[in-house]
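Per Swiss-Prot, these features apply:
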- 249: active site, nucleophile (ACT_SITE)
- 64, 88, 162: AMP binding site (BINDING)
- 64, 88, 162, 167: adenosine 5'-phosphosulfate binding site (BINDING)
- 140, 141, 223, 226: [4Fe-4S] cluster binding site (BINDING)
């Protein structure tokens with residue numbers, strides 16, 4: 001891919017975020033994605049264009065997916081065929097998650113951008129010692145998730161996430177649209193108001209791909225060493241970083 005990235009200035013992005021928050025209060029997920037596409041879909045993009053399976057699309061926003069399911073991917077692809085979808089390949093994912101990523105790229109009209117850290121797991125072990133995730137999980141997440149994502153998002157004016165308010169107490173007030181103070185771009189959360197029932201109904205009605213681990217009792221899926229099955233009825237994210245003073249990986253700090 002070739003070409004120059006076109007990204008709006010921070011004042012422009014802040015203004016658009018405020019406008020979107022006002023205009024989209026109570027909007028459906030599809031309406032939010034349409035607004036995102038109308039606002040950011042044709043003003044330049046990473047590398048001057050992203051190749052979709054069935055053609056080329058120029059897009060100045062990106063969708064992020066942890067590959068737990070393809071609900072957001074399905075919604076976004078219907079609005080913008082060929083939309084770029086970021087997957088943070090930390091090197092620690094379950095085999096099932098990698099398989100879901102590959103299946104999603106095959107089934108949906110999207111382009112999966114496989115984003116990797118600067119160092120492989122083996123290189124990180126050599127530099128910082130084995131199993132950094134157990135000794136300093138915040139630093140491990142920073143190196144393998146936050147930094148790589150930040151570098152990738154520099155090429156875009158907005159990112160779309162699957163963040164939901166019911167996921168955890170830390171996400172209870174997640175806005176639909178905001179300016180992301182961490183990555184300095186517009187952040188859109190089309191599923192923020194969705195309940196678990198909303199997700200399940202959409203999956204059933206649209207035959208959406210789901211990570212096999214979800215069926216096995218993992219409602220929140222991250223890196224394999226830091227993900228366990230939560231107790232029945234517990235916070236869905238309580239299986240993440242069990243025994244550690246950590247509840248978020250740092251991607252959704254703002």
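Positions of Cβ are set from backbone N, Cα and C atoms, glycine also.
Of 88, 162, 167, all annotated as binding-site residues, the residue with the shortest Cα distance to residue 223 ([4Fe-4S] cluster binding site) is 88. Within the set of binding-site residues (64, 88, 226), the lowest number of other Cβ atoms found within 10 Å of a Cβ is recorded at 226. Summarising the environment of residue 223 ([4Fe-4S] cluster binding site), the number of other Cβ atoms within 10 Å of its Cβ, over all protein chains shown, is 22. In the three-state DSSP reading, residue 64 (AMP binding site) counts as strand.
DSSP gives residue 141 ([4Fe-4S] cluster binding site) a helix state. On a Cα basis, residue 64 (AMP binding site) lies 16 Å away from residue 167 (adenosine 5'-phosphosulfate binding site). With respect to residue 88 (AMP binding site), the closest of these binding-site residues in Cα terms is 141, chosen from 140, 141, 226.
Nearest by CA distance to residue 64 (AMP binding site), out of the binding-site residues 140, 141, 226, is 141.
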